[in-house]
Amino acid sequence: MSPKEAISVLFKSCNELKLQRETWCAAAVYFHRFFEQCSSSIAYDANLIAATCLYLASKVEEDKINIRNLIAVYYSTMHKERGEEKSLDSLQEYLCLKESIVRCELLVLRMLQFNLNYEKPHKHLRFYLTSLTAWLGKDRQIISRLSHNSKAFLNDFYRSPRCFHFKINHIAIAVIQFALECNQIKVPYDEKARVHWQQALCEDITEEIIETIIQELCRVYEIYVDLSKFVESDAYENTHCS
Amino acid sequence: MESRFADKNTGKHYEEVALIGSGAYGTVYKAKDLSKEGQIVALKKIRVPLTEDGVPATLIREISLLKQLENYNHPNIVRLLDICPGKKVERERLLILYLVFEHIEQDLATYLENCPSPGLGPDKIKEITYQLLKGVDFLHTHRIVHRDLKPQNILITSTGQVKLADFGLARIYAPSQALTSVVVTLWYRAPEVLLQSSYASSVDIWSCGCIYAELYRRKPLFCGHSENDQLTKIFEVIATPPESEWPKEVSLPWNAFAGFKGKSFESLIPEITPDALNLLKKMMTFNPSKRISAREAIKHFYFEEYELYPPEYENNNDNDYNIICNQKTRRNFRFHSDFQSAN
């Protein structure tokens, strides 16, 4: 399986395991960093790496998961992705998978040079949304749609292998802008404003940066929508089914 | 340790040169980094027990915290250059990790030993103490308590730059892993630690105070050989605190140490100036909640002159920092830019 598909399984497993969004995000960043770092000549098992990254992220984020649960959920999710219904029954296979993850953990740690700190954009997003919604008036529906969509976009953005190349506050601003555009919401008086809301919230952001991030996000949707395996994803549900 | 080891993932290559020392927690080697033209580094070897669930979560968090601190490049913190996994001892489920630090030849203990009479002089003492407190403040800001500050793990470069080492490791090595029966020195321990009461970042300030006094004396301030003896030596100087300040949950009763009148720090350090004495007393306060913090200590009027002209370091090409000692040239040179930034 390619990294692209493994990240899909990773996100679905996170959902199944009811992990915090910050943990999803950290796991995805480790995963992308790993594949950027490693030389392409060695074929790593993307699923093993993804499961290990998830395990590491749960340790770092103190979002504890039992390794047995992790393996069972990842296993069945992976098979579902391939269109099979299969759960992990063999003890032999379980022990083998567990051993692989424990061994792989060291490899991932080394590859990431033990640097597992990644600040997550979620609190920036929350803060920006609170500031912005004060401007948008009292329409509850609009506000909840905006916040729901931007959170979903943020989450999906971490499927992009380039996600960790951007500053987290820039990502937060860009997903809000994208959510505003998708819902055709205008920030009142923004056209006349000397300082636009983007700069008001985040000083060093430029239109180019926002544009690049949105393009990257659109690329994610192209890839995963084409695969027609994207139906379960948050944003797809929200923007297309509601 | 094998005398040479390489990491095939990163192409790093280290060759052991000499054993520097073995502390309570592990061994330190002087080594050459063969991938960097034999640059001398300090290798600290730690042994991590692998559990059923792989690498312990606490270790992962601590190490990535150390890595994160590197991003700040703080001048008074020893550089952590790399982390290398060594051979894994499969049967014992033991992981060996080498923490690769920059190597600095001299620690504060040898620096003081080699210092000729009549001692360091007040300016040098101030400069060292200031840098020490700067480093401690940086650690405390990042929620790290050093817990074992002593002249042996304070490094000082040939240009007089002070760098803290061995921080954040106390939690990495579990106490059960203490490999040798090396006696851990009590001399810099805060009273609340000796009393086994709860403690916080203020324990580091106590240690700084002891070291500060030692800079004047060129010998330790309190040399106890047991917890009790250490406490006695402390109270002989700072006097027994009132019973109301004695921590409640400790096994040693206040009575056991009652009646010490204390003596003045001046009698121990005759050459100390009033400003310096004022700071020292604030650092050597029995009650941890009344003890001065690192941040406050830096702003103490003893360091007033640094407010405008802090000791400065210049980064030269060898990745080494140099302290600019010539205050006069610096003043002339920096006046204009200082003035601008003040606006």
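Even glycines carry a Cβ here, placed using N, Cα and C.
Under the heading domain 'Protein kinase', TrEMBL lists B:14-303. Model confidence over the domain 'Protein kinase' (B:14-303) stands at 86, taken as the mean pLDDT rounded to a whole number.
Using a 10 Å radius centred on the Cβ of B:LYS44 (ATP binding site) and all shown protein chains, the other Cβ atoms total 22. TrEMBL lists B:LYS44 with the feature ATP binding site.
Reduced to three states, the DSSP call for B:LYS44 (ATP binding site) is strand.
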